[in-house]
Amino acid sequence: MTNPVAILNNPFLNKGTAFTKQERQNLGLQGLLPPKVQNLSEQVEQTYAQFQHKGSDLDKRIFLMDIFNENRVLFYKLFSEHIVEFMPIVYDPTIATTIENYSELYVQSQNAVYLSIDEPKNMEQTLRNAADGRDIRLIVVTDAEGILGIGDWGTNGVDISVGKLMVYTAAAGIDPSQVMPVVLDTGTNNSKLLNDKLYLGNQHERVTGDRFYDFVDQFVQTAERLFPNLYLHFEDFGRDNAANLLNKYKDQITTFNDDIQGTGIIVLAGILGALNISKQKMTDQIYLCFGAGSAGAGITKRIFDEFVQEGMAPEEAKKHFYMVDKQGLLFDDDSTLTPEQREFARSRSEFENADQLDNLAAVVSEIHPTVMVGTSTQPGTFTEEIVKDMSANTDRPIIFPLSNPTKLAEATAEDLIKWSDGRALVATGIPAADVEYKGVTYHIGQANNALVYPGLGLGVIASTAKVLNDEMISAAAHSLGGIVDPTQAGAAVLPPVSKLDQFSQTVALAVANSVVEQGLNRESISDVKAAIDDTRWEPKY
Ligand SMILES: NC(=O)c1ccc[n+]([C@@H]2O[C@H](COP(=O)([O-])OP(=O)(O)OC[C@H]3O[C@@H](n4cnc5c(N)ncnc54)[C@H](O)[C@@H]3O)[C@@H](O)[C@H]2O)c1
Ligand SMILES: O=C(O)C[C@H](O)C(=O)O
Ligand SMILES: [Mn+2]
């Protein structure tokens, strides 16, 4: 028999006060818990009341993490019943605060795995120990070089792996005993951490070049070998490494880059939703990407592919896309461009005033975009002047300020609605409250990859997909249409987070169908819907 105390300390086994009299007797737990036996809904009610007494969002998150550390069923039942309220606490934006203060706040590892570049020999044993015989189907891995828009956070970034996985389970029912959060600690270039006595990570600069790529490859190969049914999700790597790693592995293993691909899907879905409201055509749009990094370039490529899928010739479609980064409009004579930026760089000869196009305002006034998406990490950069200029040249400007967390957003939804006199079709990266303007209530969609990656993952895992390809990604984006009523004044461009668990199913089904139609499933599947239902985990004792 397992040691009774070990059961209470194991969040996958512990039911706390919900252990029945019989279970307490069988497991040797008599007297190790208060006498009363509660059921799950009583526990949920009691913990929710405790949650409501916490003051700050950080205190709320710390409380919820205690529940997570103690009892996974209770945590996920509570989370699933309060998804709209808990998303910004468990996940972005509060998670940014816990990442910045990870070492100071540290109490326990939350079943995360810390792989150190200084001790590569331990890797296999560490992964085995962490799995402890569990059938791992999903890993979220980060090296934390580009956490949200807040930069390099070294080992602290492990929280993004933990948090993304929490959303996978709450939104799509991924079995929490089949997941593993991983941080690859390859050092940090964050001088604050390098000089902080409390910092818990490797206190040296980032290792780069071959040693970095060899370490990542050792991880990928070892994880694939130990967990043959693995879906490997990369999160918040630095801009160049993120794209390189995706290109290296995407045709070989079942893998996904959330910042590049996940964000591409949700923004395409948001633009489709916006066009459904404005009754305009995708291929008539002029697209401006502001901040052409992992997310910006990933989104641009996804929207460009959509133009081509709708029948426009690639060279014609290219003319509709503009990228702006630190240096202003990206031109093809710039040797510092990334390969993803080079695809969409323009020729100086197209413009009489090319030298003046070194800032967003000048570019907007020159090209008259109809869609502007911000992934720049630069707060307040969608100014009143820029928004008014854009709105003067298009009826329903589509404007998505997506930089996270809250303090980095390019604009607020409220300002965008006001400055465009109610015409802008807006989605934000973090949740935004309704905006009241001239008698209309505007609902603001959340264009955060969290609205799609859980369903995508459920579809991929349930269908035993060998790879994740563009067809599946496109199917995911298109599946989100039709949930919002576009005829309602002030309708949001994306479905609400309150329906996250429902539309995660929709996304999963679309993706799994695409996998099976393409014959890319590892195991034979006769009924896609049943395969998804069988994969879904529910929080219950
Ligand atoms: N809503 C979402 O789902 C979502 C998803 C991914 C990323 N994001 C957000 O997007 C932002 C970027 O993330 P990323 O992973 O692409 O990071 P990244 O570092 O890969 O890209 C940021 C890009 O912005 C550019 N940039 C920096 N300063 C600029 C300036 N003054 N003007 C124009 N461009 C500038 C950088 O050069 C870089 O190319 C972050 O804030 C992140 O939180 C949101
Ligand atoms: O984590 C988020 O909130 C979305 C996204 O992956 C990001 O990096 O900002
Ligand atoms: Mn991210």
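Note that Cβ sites are derived from N, Cα and C of the backbone, with glycine treated the same way.
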Original post:
In TrEMBL, E235, D236 are given as binding divalent metal cation, so which of D196, D210, D259 is in that site too?
Top reply: D259
Original post:
To the nearest whole angstrom, what is the C-alpha distance linking K164 (active site, proton donor) and Y91 (active site, proton donor)?
Top reply: 7
Subject >> Remaining residues near the recorded divalent metal cation site, that is with C-beta within 8 Å of the centroid of the site residues E235, D236, D259 >> reply: T142, G146, I147, I160, F234, F237, A242, N257, D258, S294
Subject >> Integer Cα-Cα distance in angstrom, Y91 (active site, proton donor) to N448 ((S)-malate binding site) >> reply: 11
Original post:
Under a threshold of 6 Å between Cβ and any atom of ligand 1, which of the recorded positions Y91, K164, E235, D259, N404, N448 are retained?
Top reply: D259, N404, N448
Subject >> C-alpha spacing of N448 ((S)-malate binding site) relative to D236 (divalent metal cation binding site), in angstrom >> reply: 14
Original post:
Should we count any of the recorded positions Y91, N404, N448 as near ligand 3, judged by a CB under 6 A from one of its atoms, and which?
Top reply: none
